């Protein structure tokens with residue numbers, strides 16, 4: 001006889017009158033007037049089990065049950081008595097009258113109630129096995145599974161083939177820090193865990209596998225944030241003989257179908273925005289279009305004001321001055337403005353200038369701000385005109401290097417838009433807001449090392465007609481790169497790749513990678529590109545981020561079964577941990593500070 005006939009959460013009226021065998025965990029046991037009720041739980045949900053004292057042996061077993069006991073129940077599906085149904089459950093119209101009850105395994109008292117919504121992340125991650133039993137986590141894991149299956153089916157129908165690429169590869173230190181794996185066989189040499197399968201998938205294109213994908217782990221040893229993990233899962237795709245528009249069309253359709261099937265959400269149109277436009281209007285390459293606030297450019301009109309806070313960046317190369325008008329913002333208190341001032345300092349801003357607009361018609365006299373006295377009438381009039389200010393508005397200002405202004409005022413835009421004030425005053429639209437950001441710069445200037453660095457990676461193709469700009473004007477060289485953005489999150493990013501060895505060598509030269517270094521690090525790619533490499537490009541989605549957005553989870557750690565903390569630790573297994581001296585000797589490794597390793 002099968003140990004189980006049905007999942008608990010899938011027992012419905014369709015099984016009325018049938019005998020079922022269920023396995024699961026005791027979520028709750030209730031004793032009501034001599035009858036014991038058990039809420040039995042498995043990954044699909046709950047079912048109510050009724051234990052009647054008429055079956056003495058079974059009833060005695062039921063009396064000994066406690067939360068999280070693992071049990072097997074055999075019983076009759078029947079309708080719940082009138083007035084006791086639960087419309088919130090799939091099984092809420094029925095109950096199972098227990099005939100047989102077996103305890104498969106007892107449980108010690110759990111360290112927390114599974115329905116406790118106020119657990120610290122440390123408690124949850126230390127007791128991850130129990131945390132994963134919670135319905136919230138099980139819903140997340142099931143959505144992740146269903147999404148991955150749908151993605152695989154979609155790509156299969158589109159002619160993509162799943163090919164695995166190596167986990168142990170060559171270190172290329174130009175990007176983020178690698179996770180290194182020492183070789184026991186080759187003394188003093190190391191593998192690197194992949195930050196992405198980028199070069200392998202390009203070589204698969206050269207090899208003729210014109211539509212490739214895999215759902216794979218990638219690794220980056222970088223500082224963690226709420227949406228970052230040292231190991232993460234990527235939906236990695238590459239195609240040959242498709243241009244940018246065709247690549248974007250395929251993957252827009254994939255994401256649109258996933259949201260419709262899994263969430264019954266129509267994402268609608270994906271507007272297209274250039275990187276320059278996104279940075280100019282929102283200070284970000286992944287703008288959250290739900291927030292209805294935009295920058296107003298003021299750099300030109302601030303060049304001749306006496307206020308050096310504005311005039312200095314306005315007249316300095318690479319400087320920028322912008323305004324952010326907050327409709328109705330004059331009701332924001334001085335204390336809240338002070339909090340916003342401290343907030344923008346996180347992003348390098350020295351402070352936050354502001355003007356409250358009490359009465360536009362009065363010009364200077366209708367404004368409230370400590371900076372008004374430093375601005376001439378023409379500048380004030382132009383600020384009010386360009387921002388479209390109205391009575392009751394608040395205007396914030398950012399003035400500094402362009403990056404600091406974009407980062408700080410861009411973050412302020414989101415902070416205000418997502419605040420209670422923003423939501424109450426129509427500054428935030430509760431909707432899904434997808435878009436494509438295109439025409440990224442090919443290079444960005446590394447001021448510390450006085451050299452150009454690749455914005456995405458050095459294998460991205462320049463836009464048509466921009467190849468010579470790599471040498472003559474790298475600041476204005478644009479790339480065939482594109483990001484899919486949703487609600488201010490980068491869901492996926494990709495590009496058309498360089499498929500000619502001579503162009504790839506030019507990019508290495510622009511990045512000041514010598515021919516010798518290029519040959520040592522990427523010789524296998526340069527060689528492959530000489531064998532009739534096809535035009536190719538691709539895109540990769542972060543599966544963890546995608547599921548975080550779809551579930552509305554507060555943290556990416558809520559959609560990963562066994563995540564790391566923000567200190568890159570696994571609290572369940574206590575990884576990383578010291579290793580045996582013998583293991584180190586076999587790897588020809590000696591620790592500089594053995595005591596530090598044992599102390600963590």
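For all residues, glycine too, the Cβ spot is worked out from N, Cα and C.
Looking at the stretches 190-193, 194-197, 198-201, 202-205, the one that Swiss-Prot records under the feature region 'Aspartate' is 198-201. Here Swiss-Prot has 220, 221, 222, 490, 542, 543, 544, 545 binding ATP, and the candidate from 229, 530 in that same listed site is 229. When the recorded positions 32, 220, 456, 497, 545 are compared by the number of other C-beta atoms lying within 10 angstroms of their own C-beta, 32 comes out lowest. Among the binding-site residues listed (456, 497, 545), 545 has its Cα nearest to the Cα of residue 32 (site 'Important for tRNA non-discrimination'). The two recorded residues, residue 497 (L-aspartate binding site) and residue 222 (ATP binding site), have Cα atoms 25 Å apart. Comparing Cα positions, residue 83 (site 'Important for tRNA non-discrimination') lies closest to 545 out of the binding-site residues 222, 456, 490, 545. Separating the Cα atoms of residue 545 (ATP binding site) and residue 220 (L-aspartate binding site) is a whole-number distance of 15 Å. Cβ neighbours of residue 222 (ATP binding site) (same chain, under 8 Å, six or more residues apart in sequence): 176, 177, 228, 230. Remark: secondary structure over the region 'Aspartate' (198-201) totals 4 helix, 0 strand, 0 coil, with classes taken from DSSP.
Cα separation, residue 490 (ATP binding site) to residue 456 (L-aspartate binding site), rounded: 13 Å. The ATP site in the record is lined by 220, 221, 222, 229, 490, 542, 543, 544, 545, and its two most distant CA atoms lie 20 Å apart.
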